[in-house]
Amino acid sequence: MAFAALTSLANTIEQNLYHHLIPDQDKQQIETFLQEATFLQNFLENSLHEDNDKVERLESQIRDVAYRAADTIESHLVDGLLSESASLHGTSPFEFFCFLHMKIIIGFINVKKALGCLPFFTPPAESCMTFNEDLEKVIEEIHSIKEEVMKVEGEIRIQDLRPRTSLGAVSSKPTLSGASTMVGLDDQFEEIRTRLIMGSPKLQILSILGMGGIGKTTLAKNIYDDLSIKDHFYIRGWTRYLIVLDDLWDKRAWDDVKRLFSNDSNGSRIILTIRLKEIADHANSCPPLHQVRFLNNIESWKLFCDTVFGREGCCPPELDEIGKQISQNCRGLPLSIVVIGGLLSKAIKTEHYWSDILKSLHSTLTSNDEQCLKVLSLSYKHLPHHLRGCLLYMGIFPEDSDISAFQLVSLWVAEGILKPIISKSLEDVAEEYLLDLVDRNLILVGTKNYMGKIKTFKIHDLLRDLYTIESSNFRLVRVFHNYYYPACMSFAWEQLVSLRYLYFPAFDNSMVFPSLCKLRYLQTLIVTYIEDGDWSLLNSKIWEMQELRHVVIKPQILLDHPASAENERENPIIVLENLQTLTMIKNFRCTEEVLKKIPNLKKLGVCDEIPLEDGHNFVHLHKLEELTYQCWSVHSIKNQFFPHSLKKLTLIYGHRDWEEMKVIGSLPNLQVLKLKDEPFIGSIWEVDEGEFLQLKVLLLEETNIEKWLADSIHFPELQRLVIKKCYYLKIPSGIGEIPTLQSIEVFHCGSSVITSANQIQEEQENSGNDSLRVLIIGAMENWLSPPGLKI
């Protein structure tokens with residue numbers, strides 16, 4: 001957590017160093033402090049694999065001094081803003097101070113209840129006097145830590161010069177001897193066994209990948225002990241061999257031993273059990289990787305019974321139901337089943353005791369049995385420092401929840417725990433971190449969006465418990481995450497000056513929006529529902545919020561136009577360099593003044609009651625990747641130009657002629673196209689060759705097409721076709737001939753759509769293509785009004 005604390009501190013310093021409330025005489029000291037923080041970050045990165053009590057103690061000291069330094073700087077700024085405030089809106093100075101320093105609020109809490117957990121109030125006058133003293137103290141402390149760090153670095157260098165007697169990065173588990181019970185995974189066992197015996201005579205490396213405790217070692221052990229494997233790989237002189245390297249963590253460890261394995265083209269094999277995909281890549285492991293799956297309920301119950309009662313025993317009838325609940329609550333992780341089973345095998349077997357175990361299952365796994373925690377904690381201990389804070393952040397989400405990747409990335413950015421990389425946005429850095437954690441089997445991918453990016457993910461319960469324990473000293477800041485904004489909440493929003501992230505699933509107070517524009521550090525604003533169709537107003541001050549990165553309002557909101565150039569002559573134009581998301585904006589005016597302010601916008605959502613007069617200006621948004629355009633009037637796009645950077649386009653309503661689709665078909669990078677609620681009218685859509693060259697996903701929803709003239713030469717990269725609530729459409733048979741097509745999905749459509757989809761599947765199966773998946777859900781009943789008809 002020291003690395004995350006230093007990163008957050010560095011971001012705070014860089015953001016506020018030239019704030020007018022920081023005295024000039026202190027700025028040089030703060031710059032020096034920033035250099036020291038960078039030195040300590042480098043130390044932590046370089047000492048990643050050092051198992052040293054001194055290093056751990058230094059990490060704790062570094063974390064604490066980083067938090068104190070951040071408090072010192074931010075408290076001074078907050079106190080200064082407090083004294084500058086013209087009005088406290090009826091809030092007492094003490095309560096106002098508490099809101100200024102609010103760290104994290106989940107749901108709505110009363111001000112009085114929050115006071116006990118917040119820093120003691122320092123009057124503004126005293127704050128100015130104590131700032132220099134506090135700053136000097138933390139600078140002295142960090143100097144002292146730096147000196148100790150340099151001593152420890154010297155000791156580490158001396159140790160590195162000593163002869164290496166073991167592979168330090170390889171797990172120190174017992175050797176592969178002794179009994180090892182495997183339940184389930186017979187399919188993977190057979191697949192690996194076949195690959196070991198059959199195939200190329202050249203030396204091959206097979207990798208078994210999976211999270212801690214999922215059974216990689218057990219699977220490898222059972223393969224190693226199999227009689228047919230022993231017969232095939234019986235070593236005599238220069239004959240073939242089989243070697244298992246269990247729990248390989250480090251690329252260097254593989255490099256140290258690989259030269260020992262000769263390649264005599266006699267069918268020799270090496271099995272690696274790993275948690276990191278990059279190790280398999282580095283070792284040139286033969287594809288495919290064997291990803292160990294979780295056990296299903298039947299397999300979990302069998303392993304549970306074998307562990308508790310022995311292979312010959314059985315569960316008493318009175319414990320059968322509760323025993324199955326216990327095994328199912330282990331969520332298919334063999335290690336957790338074995339840990340709980342081992343506990344119950346030694347205890348009195350009564351329904352009352354087992355009920356208590358079920359209630360305290362998670363705490364039993366993580367505190368009563370240190371073995372389980374130690375095994376899983378290896379994944380955390382071997383993480384690079386820059387990923388640790390990001391991983392532990394997962395612990396704030398509710399158990400068994402689907403976690404939004406967009407939401408998590410925005411939170412990481414708001415907390416300041418991402419280390420900036422030149423030429424990359426913080427969101428791009430965060431996405432790389434997320435994929436890295438997936439490759440390390442520390443988080444589980446839930447769903448992906450139409451473009452193949454992670455949309456949601458999950459965390460195994462046992463790992464979540466581990467993250468919660470490890471994050472006990474992890475401090476969360478600057479986030480307001482409310483489940484409902486009550487009208488009785490009367491404090492002034494501009495008081496939350498340090499707020500970076502604001503989320504409301506429901507909202508019923510339009511008076512708040514004007515106040516939000518005074519939150520100078522706000523990065524993310526999300527409102528998923530505004531009640532009663534109230535198109536609340538974000539005033540023009542939002543165009544001065546330079547830290548904004550994402551504004552997501554549903555269903556839509558009015559947005560004031562920025563001040564005209566004439567009114568900005570005395571002040572330079574403020575550019576929102578960081579703004580990437582702006583959606584959904586009602587009656588948006590894409591004028592030159594707006595374009596100058598949002599040069600890096602990637603995602604835009606527009607909802608207009610009248611045609612968008614400035615639509616042609618979209619072409620100047622050179623980084624725009626996603627556009628949702630909803631227009632409730634007949635609107636042509638003939639003269640509109642979309643930027644070549646566009647990858648995803650959603651058009652809703654508009655009643656355009658299908659001929660205008662050529663404007664969209666010519667977009668060179670378009671990968672996802674969604675057409676909803678008759679954005680085009682007419683019974684014929686003819687696709688020309690050379691259009692939609694990169695399109696991977698096509699959604700047609702509530703369109704009135706009767707004839708869709710397309711063939712296999714069209715949509716050459718199409719992977720997924722989704723059709724919803726279409727009545728007349730017949731899918732061209734040539735669509736099934738597209739070599740990249742993976743699925744056709746039909747939801748609540750007319751008989752012609754369903755029949756044509758089934759025919760395509762039959763034709764492809766007859767021609768030997770069994771990979772095309774056709775999914776049909778529901779049918780549009782005859783009594784329903786199809787698009788284009790009135791009842």
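For all residues, glycine too, the Cβ spot is worked out from N, Cα and C.
Record features, source TrEMBL:
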type	residues	note
COILED	128-155	coiled coil
DOMAIN	187-238	domain 'NB-ARC'
DOMAIN	240-311	domain 'NB-ARC'
DOMAIN	396-466	domain 'Disease resistance protein winged helix'
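Residue counts for the domain 'Disease resistance protein winged helix' (396-466) under DSSP (helix as H, G, I; strand as E, B; rest coil) come to 32 helix, 12 strand, 27 coil.
Remark: secondary structure over the domain 'NB-ARC' (187-238) totals 27 helix, 6 strand, 19 coil, with classes taken from DSSP.
Residue counts for the domain 'NB-ARC' (240-311) under DSSP (helix as H, G, I; strand as E, B; rest coil) come to 29 helix, 15 strand, 28 coil. On the 0 to 100 pLDDT scale, the domain 'NB-ARC' (240-311) averages 86 in this prediction.
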